[in-house]
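Student: Please find one structure pasted underneath; my questions will follow.
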Amino acid sequence: MGLTSDEAKIIINTLGRNPTEAEWLIFEAEWSEHCSYKSSRAWIRLLPSKSPLVIRGSGLDAPIIRINNIAVTFKIESHNHPSAVDPYDGAATGVGGIVRDILTTGLRPIALLDNLHLGSLDNQRSLWLSRNIIKGISDYGNRIGVPVVGGETWFDESFNNNPIVLVTCIGAGDFKRVIWGEGKVGDLVLVVGNDTGRDGMLGSSFASRELSSSDDIGAVQVGNPLLEKLLIDALMELGERGLVKAIKDVGGGGLATALSELAHQLGLGIEVDLTNIRLRDELKPEEILVSESQERMIIVVDPSRLSYVEAVLRKYEVGFDLIGKLTNDGKFTAYYKGIKLIDLPLDLITNPPEPIRKYTEPVYLMRLRRIPPLPSVKFNEALIKVASSPNLASKEVIYTQYDYEVGVRTVIKPGRAGATVLRLLEEDGGDGKLGIAVKADSNPRYSYLNPFTGAANSLAKAYRNVASVGAKPIAAVDSINVGNPEKPDKYWYFVKTVEGLTWMGNALGIPFVGGKVSFYNEDSVTGASIKPVVAVAVLGVVNDYAKAIEGGLTGEGWLVIIGDTGPELGGSEFLHSVHGLVAGEPPEPKPLSEVKNANLVMQLINNGLAKAVMDVGVGGLAAALIKMSIIGGVGFTVDLSKAPLTQGLNDPVTVAFSETNARYIIETSNLKETVRIIEANGVPYGVLGESGGGIVQFKWGGLELASLSVDDLVSINDSLRGVI
């Protein structure tokens, strides 16, 4: 049993009796870290969550953001433990689960993003995990007709046995289509979708402890994307016709969690008969409760509309079971073949005790934060190593496995810019011009060296990416993935992460409208913990998606850097790929500069002065320029000494690879007007050089640092092809 002895005592004392076997399983599921957030909820309440655009924030399956007459929702989820045991099904069902969370709002899922944190490419098990995770996402996403339009892929040896698999889903539709979640006593409760089987048994409990072995494969769910597609279509019609009052995904914890949370959210009770549930396998009633078989949802309907609901479900060949009704007693009551199995107060089920966890900074960090003296390195050799490193290499071999254009909404495709841009259609309630941009970012090395700074920088990076295409950032969701919360030096990472997100969110004016916390990302045999993954997805609004800007050079302009560059190599890709180090203090977060510089970039884009824009992040100025060159197939000549430098910086290698925040590269054909606007905004800038031709050339004053053809650069950057 996944409950502590203290938790078991609380349950027995509150009930005044010993729970039944079925009741124990409900508590094990609902009081797990995965479902209850018992070790994190006190901290995540600190995150800023309010904005005039946020109609409903975190706490339910998915938030609601209003943009004029359009409702937009987005959410991020993790599927780490299942993907470590069965990578194909673990990743695939991660896609299915997040799509169903979006469906609970009544809005159509329109796009997916994946953030993958995978192990070393020279480790055979890690390579096997990576290939199957990517294939699982590809197969499921392609078959349900929801495009995978963007993402991020990190490689690090700490993810060899414990990959971090995150999926974000975006939904949109007319604001009038939103299903807010209502119900009254006597309303009927149905399970719709898949049959209930043995797969995913107590998966929530499995996800709330350290990984052990492949013996846990029975806790991994198995997906059916074709059924999910039918479920999407059926729920869209039910919502459009106003036949559904509330929807709840059957996810972690199975029916035990879904039914109890739904009734509690409605402020009512619920009574169900498990005898009525279709089974794929022969199951005990207790197993029916905690099975996490996929493609299942709970819907609440008015009794007078049941026949219409049944007709729609039959039309799409989606199975359904009428299992119960809402009551006024505030209890979860369940029967099986006439025997009462469950009689529990919902307030007890849904309010587990919150343990007070100790936290302390790991002693090894003091040593790691000092960068040792570095041997000298030739600029061109460093450039090639950084450009070919797995983290900066082209991810084309990954995203071309995904269908990213289905649905006719994708304006800026994967690999073309800092963020993906999607058009909102007139059927969504828009004017045919409105669009949204979205990007999710993380940096495990930053978060490992300093979780406060790492978290703040994850939000800042996603904020810059969204601004770089011309979108105004309006909201964020986060996914925090760390080790065992019972270990003070691991829980410290979580606490400092939340503090960093809170600080930066308040400073940028960005509300967090949802998120996910995943603990126990450790190998129980070795005790090794992952580098913390703090992924932040930022959503932005584009008033006219036709004005959104890609990152590829056109060869028709000057290259201008916006923002200061300082000597900030801590946690950088340069240190790791060239010197084999993860050390130093990550770049200082600069929220005031982030806001000021982002507003300037958006102004330049809206005024039609930017031909191409790329924010500066991992790999520094050199990496940003390389990306722009490869995307556009165009060369450039730049003088790095022309960048605005701070702290007496005069080393070309540091200037090229420093990862100082709040910086962008702009290509413009109207240098005079661009400079006028930049100077009017009081933002540091430098004119680095020009784009054009087929050669990439870096200089420092009159000294040539490196020169290579764009074709050679493309080959160097394509280092993952044939590997993953």
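Cβ from N, Cα, C; glycine included.
Quantities reported herein were computed from a predicted structural model and do not represent experimental measurements.
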Student: Gly119, Gly432, Gly435, Gly515: which one does Swiss-Prot list with Tyr37, Lys75, Asp478 for the ATP site?
Tutor: Gly515
Student: For the substrate site that Swiss-Prot describes with Ser78, His79, Asn80, His81, Gln221, Glu292, Ser293, Gln294, Ser518, which of these is also annotated: Arg100, Arg241, Arg314?
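Tutor: Matched candidate out of Arg100, Arg241, Arg314, per Swiss-Prot for substrate with Ser78, His79, Asn80, His81, Gln221, Glu292, Ser293, Gln294, Ser518: Arg100.
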Student: Write down the Cα-Cα distance for Gly515 (ATP binding site) and Ser78 (substrate binding site), rounded and given in Å.
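Tutor: Checking the Cα atoms of Ser78 (substrate binding site) and Gly515 (ATP binding site) gives a distance of 10 Å.
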Student: Taking just the CA atoms, what is the gap between His79 (active site, proton acceptor) and Asp478 (ATP binding site) in Å?
Tutor: 14
Student: Roughly how many angstrom lie between the C-alpha atoms of Lys75 (ATP binding site) and Asp249 (Mg(2+) 2 binding site)?
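Tutor: Here the two Cα atoms lie 13 Å apart.
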Student: Per DSSP, to which secondary structure element type does Asp101 (Mg(2+) 2 binding site) belong, with helix, strand and coil as the options?
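Tutor: Going by the DSSP assignment, Asp101 (Mg(2+) 2 binding site) falls within a helical segment, counted as helix.
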Student: Within 10 Å of the Cβ of Asp249 (Mg(2+) 2 binding site), how many other Cβ atoms are there?
Tutor: 26
Student: Measuring Cα to Cα, how many Å separate Glu292 (substrate binding site) from Asp249 (Mg(2+) 2 binding site)?
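Tutor: Glu292 (substrate binding site) to Asp249 (Mg(2+) 2 binding site), Cα-Cα distance: 11 Å.
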Student: Rounded to a whole number, how many Å is the Cα of Gln294 (substrate binding site) away from the Cα of Gly515 (ATP binding site)?
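Tutor: Here the two Cα atoms lie 21 Å apart.
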